[in-house]
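This report concerns only the one structure given below.
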Amino acid sequence: MYAKIIEFGIFFLLIYSPLAFGGVAQHSVALIEVVSGLLVLVWLVGGGFHRRGSSISPFFPRTLWGILGVLLTWILIQFLPVPTVIVKYLSPSAYALYVEAAAQIHVPLPSFLPLSVCSYATKTEFYKFVAYAAIFLLVIHVVRTPRQVHRFIYLIITMGFLEAFYGLLQYLSGQHQIYSFQTTRWVHGTFVNQNHFAGYMELTIPLALGMLLTRFETPVFSRSDHPSFSSQNKYAKTIFLLAIVLLMVCALFLSGSRGGIFSFLCGMSGFLALIMIRRQLRRWGIMLLVFLGMVIIITLITNSPLIERRLRPLQELASNPSLHLRWELWRSALRIFQDYPIVGSGLGAYSHLGSRYRTFLSDLHFMYPENEYLQLLAETGLIGFTLFLLFGVIFFFRVVAIWRRRRSRWVIAIVAGGLSAMVSVLCHSATDFNLHIPSNALLFSVIAALIFVTIHLHAPEEKTILKDSHLPYHHQISVPQNLRGRYRRSLLLLFPLFYLWQVAVTYYAFHHYQRAQQIIQKSEDESLHSISANSIFFHLQQALQYDHNHPEYAYTLANVFYNASQIPQNSAEFRETALHEAEKWFREAILCDPANPWLYYQLGRLSHQRGDCSYWKNPFLREHPASCPPAQFFLHTLRNAPGNLYLRKEISRWFYNYDAEIGLRFIQALRTTRAQEKIANPYVIRQLAQFLYEMQMDDASDQEFAHFLKTRTQKCQFNILTQDLSDANILELGNDDGIPDWYAPLVSESERVKKEICLPESLDEYRYAALKVFMGTGGKRHFLTHLTIDDQHIATYTHTLPQQANWHEIPFDLTLLRGKSKINVYIRVEEASADGNFLRIGGDQQTPTTCSSLNFYQFGDLSSEKGNQYGEFLIRLVLKK
């Protein structure tokens, strides 16, 4: 009876996990962990170690169990606190990181530290790994007959069919949604990412192919002129199974996953190699793969525009941004391995440590380096990587060695399909993180266990029991039945009970955290009532009580206190207390996650609010910016996230506000970093250009934006000439008709007017240059007007402009134009406002807009006074001979 319960429990996980977005949500992971723990408990209570009634000898070798046990123990050691001296000896880099963090927040170094740089992340991954190992163990010890293997395989094929059918339905109907959530145009079933859907298909298709080959038997394809009803029924089932396989193959290719497609082809190559060395499958296997190839070709032809657009970047690998991004992520993982070579940084720690080793600019947070092997090497070190590798190599060699001695078509086909499925995902793991998706990792574990069971089972067509000599014998793990054995079994029960308790406590803490987040989302800081605030504090403190090492809980609580300290309605005493509490919890979070840049950034903001740099103008501090407490935190932030574009922009802005010279050094370093990247990221370039615009560095912003538009080398088109008929020695350039039809008001420092003016080929005959601008005020003149040509300031009007708009001529040094084919004229205001205290720039309606823009590259409406205006600003360059 217990075997049925376990079997249906595993069936439930195989059904639930892919349907729940791949099982990536926290509650889905907790459900997988709880169910797997309960199933192990059922197995132990039911005496599941003893396999009475089986026609085979228990077969999983002690060597693999031993390696798996050592591996779990090693991960456990990574997140459990050990004396600091041990950490210093085993992992000097982890010790240095903790020492650095403690010194930064001015707290003593704890006496006990984990080897992992984020013990909570390692503990979380440990619980998942235990769940997958438990399912692997249960399948091996519960599945005893071919009928059970069939049930598992048909369930997996059914789920693959449903995923493929649902994905193709989305694709063909144009409703690109998972349930009610909007997604991309590619086929992805119930998975958020099409690459993970492709990984799921990679596991199901080869297994289905193996099952299909088992049906190519003489009874199915009888040469009799009068086939029986049973034979016809089997034939229909075979055709139906073939149709399912073809449907899943089409879905895989229409997922647009390049890694998934090529990994599937690698798996099929392995499948072909396996069936070619076995005479029983050679003929049918080749025919099946040829037919499969024809279906793939038809799929590619009928959807060629879409698939060609997806695969085109592979033709230019050297300039492929996706490959370049992966390469940079792989390099970051290798850098981590160089610093943590023996014991690793801790399983699951890349998400928390990776930003410290990534140098390319991006606003994205990368949880994985897009390579399972490099991530494993960086997180578990040589010790963990060797254990994983040893387990995998021994497993595959034993399976293949026994498989080659079997003669049953059923065994050969099932195992060949299962091995090919595993090879496909292992190939895909070199460019993705499919095995970090719970549904795929769970299915991978089940397939691995099934093929190990299958190679030892007697096939359905075998009439006699195979002798033990035909199959390798391995030690049986059994539960002793004497009194002493009962105590030992009772002791074993403590392990799943303790595991379930830990998972339950962890999820209970997460429940409180989730409840606090819901209240925070419903409440704006200004309307945060005392009842809501108390509820948030209660739930977060409960979460920390049950899971005190979770840095995210401490970080969120610190942010709540910090936001409470910013509410003017709160008393001064409460705000000061809240500020101290925020600082306390930020420090607590840093001790749990010492490489998290956001924690230091928030501490820097808090320190700045307290006025810890009010004496910044001291000349000594200008030469030694790190001596200012907020600056210390901000510099440490950049050390932990040198490639985070947002943090580098905000910290550069902060330094610029305190000292423009220091701030400019940070901004120039940011531009240099961007320029050194081999493949430009358009998003990063645009964000940097906008940041420079906000810093009123208009010429630098234009240069970056030219990279975004890829127009840096575009030749300037000469403007329409306006020749003064009364004097042939005067030339005016501006590409406008000279008649003001509308005005663009500049009411704040965040706005600017830009006019691009192209120059003559030669300026040798000219001796005078000036700007000519048609401008006036809104009625008041309590603002400043700044005029700039490229990066050179030309003039500032200090409260002298008249209200009546008119032409104003501003002379400047002609040498500013030498060696240029065009200039950009920028006009900004300072201390302006919308109550009439603003500047008005005139514009025409006749000339189409080609050279004028308003604010950050707004080329459409150039004025907010008269609706949409598409002319040119009345800004000219005057040249005199």
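Yeah, the Cβs are placed from backbone N, Cα and C, and that goes for glycine too.
Those TrEMBL annotations? Automatic predictions, nothing curated.
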Write down the single range among 30-50, 681-701 that appears in TrEMBL as transmembrane segment. 30-50
Among 30-50, 126-143, 260-277, 410-431, 491-510, the stretch with the most Cβ pairs under 8 Å to the transmembrane segment (437-457) is 126-143
Looking at 126-143, 235-254, 260-277, 382-403, 410-431, which one has the highest count of Cβ pairs under 8 angstroms to the transmembrane segment (62-80)? 382-403
What same-chain residues lie close to the transmembrane segment (152-172): Cβ under 8 Å, and 6 or more beyond its ends? 10-11, 14-15, 18, 139, 143, 183, 185-191, 197, 200-201, 203-205, 207-208, 211, 241, 244, 247-248, 250-252, 254-255, 414, 443, 446-447, 450
Who are the long-range neighbours of the transmembrane segment (260-277) in its own chain, taking Cβ under 8 Å and residues 6 or more past its ends? 194-195, 197-199, 201-202, 205-206, 209, 213, 252-253, 285-286, 289, 292, 404, 416-417, 419-421, 423-425, 427-428, 432
